[in-house]
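Q: Pasting in a structure now, in structure tokens, and then I'll have a few things to ask.
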Amino acid sequence: MNGWYEASGEPEIVEHGPVSGLAVTGRGEPGGAAYGASVGALYAVMGALGAPMAPLEGRWWVEDERSPFDVPREEWRWHLFLRLPDDLGTIDRAREDVRAKVPAAARVQHVRYGGGRCVQVLHRGAYADEPASLAKMGALMEAEGVVPNGLHHEIYLSDTRETDPAKMRTILRQPVR
């Protein structure tokens, strides 16, 4: 998992290999009921696997031509993801073990995301302040002549329950070509 959870405070172009993990796809406001149930299901299945807990990740999009910041948050779509160690086998048993207590676990899938080139930056601060970091990423993409090639990707390095929003650390990543 080396390098996956590292990023500079300035936008940079990096290459990452493919990764596998647990994922749930959904729609709704970050922190809303569907989002919360999905996060809980991911962590329940991960716990049943006995795998080390990884930071939560999200890949985000909207089905609209507008900027995501102009679309109501309840219309946002997401793939939530917890990275698994490369040598871990099937998740079927773990998913079934927690399903009675966590019904949303039925939606947890084992997925593999392809690697590739991306622009990334370590954003420090509240999620509401991400547009400034995204603008810096956009400037680097323009300067380097690359364009987005996939979903906006975030890796949440800070625990929102324990961290002052001004001190949050989030890796922002955009696949490019």
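Cβ coordinates come from backbone N, Cα and C, glycine included.
Take a look at what TrEMBL says about it:
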| type | residues | note |
| --- | --- | --- |
| DOMAIN | 99-173 | domain 'GyrI-like small molecule binding' |
Q: Looking only at the domain 'GyrI-like small molecule binding' (99-173), what are its DSSP counts of helix, strand and coil residues?
A: 27 helix, 25 strand, 23 coil
Q: I'd like to know the mean pLDDT over the domain 'GyrI-like small molecule binding' (99-173).
A: 96
